[in-house]
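Features of the protein shown, as given by TrEMBL:
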type: TRANSMEM; residues: B:12-31; note: transmembrane segment
type: TRANSMEM; residues: B:51-76; note: transmembrane segment
type: DOMAIN; residues: B:51-232; note: domain 'ABC transmembrane type-1'
type: TRANSMEM; residues: B:88-106; note: transmembrane segment
type: TRANSMEM; residues: B:112-131; note: transmembrane segment
type: TRANSMEM; residues: B:168-193; note: transmembrane segment
type: TRANSMEM; residues: B:213-232; note: transmembrane segment
Amino acid sequence: MIKLEKLSKVFETPGGGSVIAADQVSMEVPEGEICVLLGPSGCGKTTTLKMINGLIQKTSGKIWVAGCDTDEQDPVQLRRSIGYVIQQIGLFPNMTIEDNICVVPDLLGWDKTKSRRRAGELLELVNLDPGIFLKRYPKELSGGQQQRVGVIRALAADPPVLLMDEPFGAIDPINRAVIQDEFLKMQTELRKTIAFVSHDIDEAIKMADKIAIFKDGVLEQYDSPDDLLARPANDFIASFLGQDRTLKRLSLLQVQDVMFGDQVRVMARDDLEKARGLMREVGHKNIVMVGPRGRARGYLHLNDILDSTGKVEEHYQGLPATVNIRDDLRSAVSKMFRHDTTWLVCVDDEGFFKGSITQRAISHALGATYRDSDVATGAAAEAL
Amino acid sequence: MKMQILPHQERFRSRIAFGLGAILGIGLMIGERGYIGDTWRLYSEDILFLTVQHIQLVLVSSGLAILVGVPVGIMLSRPRMQRYSEAVLQVFNIGTTIPTLALLALSITLLGIGFVPAVFGLWAATLLPIVRNVFQGLRSVPDYLKEAATGMGMTPLHILRSVELPNALFVIFAGIRTAVAVNVGTVPLAFLIGGGGLGELIFTGIDLNEMQMLMAGAIPVALLSIAADWILAKAQYWLIPRGVNPLRN
């Protein structure tokens, strides 16, 4: 959908020298995906983004947007077909929110009543009441509200491609998380192709289908967040991602990716003898007790019932915590630490028992990719 | 403890002051024997005729100044003029350091005496505040607004019309207000080069040491200035969109 080929930008400096802001950047953003351009200040990510809609003239290379070579398009027409969001939001203070949202539809000559109705619908999409906000001016909105309007303004003419230049950079952390979530929810329905500039790694990991890391104008690595965190291509990327990059991967994996499914279980009316038998059979020290329809109710520990007799319901203990199978590992680990336990019962939205997850399994999942790539180094170390 | 003056108290005080002034004014005016009544009786014909002439001078010269000043200001603010704009503004600045009287005198050498050179001199004196404010107003429109506009596919003309000018309008209007205030105050000098206007009564009154004649010119001039500023203030309040008008919330 967006394709860059050997894209370069050289700025002439007043002293007669030149600065290479983008150096032979080649990458492709597939349709419906979010690609985050990430890197320290002055790494060329914003320059690359602005070359896509021609705000910065490229020095050499090719750009295709939606299958068309941008060299063959009128830049003004091109920009009208690409949504654009900037960090400073850039709502026009002289226009009402309604007119701000309808800027591009008006430029395209759309029917006014149609575009005004769409403005209202878009406001509802970001939980702002059209009745209140349509006729307001930007200065009457809070920063977070303005940024929401900035995002839907880019969507007004329903462009297939969005360019976003640190769109959530100027918002306080709490609001930012809320707007990011709203935006991701919108994106699952809208499936826009998005190039997104950020300098915030956590934001990139949260938003991106793919991350492009830039340094000094060079595209250093272009990979999915998980691959990037697991296998940084060089020391710069490793240090940019941070010492705790493995922990960052926790938020990329879901509980259901790592849990042991189809676990043995007992019912309240089962005998303890049966529970002991099952535990010995599979070699576990714990067994989960489920309700009549399969909801997780409690658990038994082998050591507690070694010499006991009776029914499960007379001896079970309550579960300290359960974790949803669609939660990320980050919250699973957090729950384990909070309750000082090494395993958790995994349930679905209705509370049905789906499996269990252990600290061992998590550390194994995080370590797996390293072990693959460490085989060579490990062998080399042994040879010494 | 220092007493705080609240806005409404201040307004109240100014109303009292205004009321006292009005009572005094009415007192002076009362009857044929009153000072103003007497002046009016003597000079009403002159006052009416010269006031019309005075207003004509103001309207023509400041109208022309706006017609020329706004486009010049816009042109100077364009990116490709940036190199020259400071130099051009310096020339305009030097223009304002020339006393208006000298400017009027100079326009005699160019255009002779009468209405036209008076208008020219006034026009030149009024032009600078307009050009400068249009230029500054447009330049102070934040770059990111222009970037957002460009990025959404507006053409430069579009941006000027629907982003830059509306957002600079308040500053531009402030310049026009200043310019007209200067203009109205300078028009009496036009009489000196045969341009007519209420200056005729003022300067003749001075020459003849005729206080009443002087006042017959000075009072309408003062009232005209106040009226002009009042009209422009109202226009500034109502014509500028609410979103960019600091006077309206």
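In case you wondered, yes, glycine gets a Cβ from its N, Cα and C as well.
Proximity of distant same-chain residues to the transmembrane segment (B:112-131), defined by a Cβ-Cβ separation under 8 Å and at least 6 residues beyond the stretch ends, is recorded for 57-58, 60-62, 64-66, 68-70, 72-73, 76, 89, 92-93, 95-96, 100, 103-104, 106, 172, 175-176, 178-180, 182-183, 186-187, 190, 193-197. Tertiary neighbourhood of the transmembrane segment (B:51-76): same-chain residues 84-85, 88-89, 115, 118-120, 122-123, 126-127, 130-135, 137-138, 160, 165, 172, 175-176, 179-180, 183-184, 187-188, 190, 195-198, 220-221, 224, 228, selected by CB-CB distance under 8 Å and a gap of 6+ residues from either end. Packing against the transmembrane segment (B:88-106) from elsewhere in the chain are residues 76, 117-118, 121-122, 124-125, 127-128, 131-132, 135, 186, 189-190, 192-193: each is 6 or more residues past its ends and has a CB under 8 Å from a CB in it.
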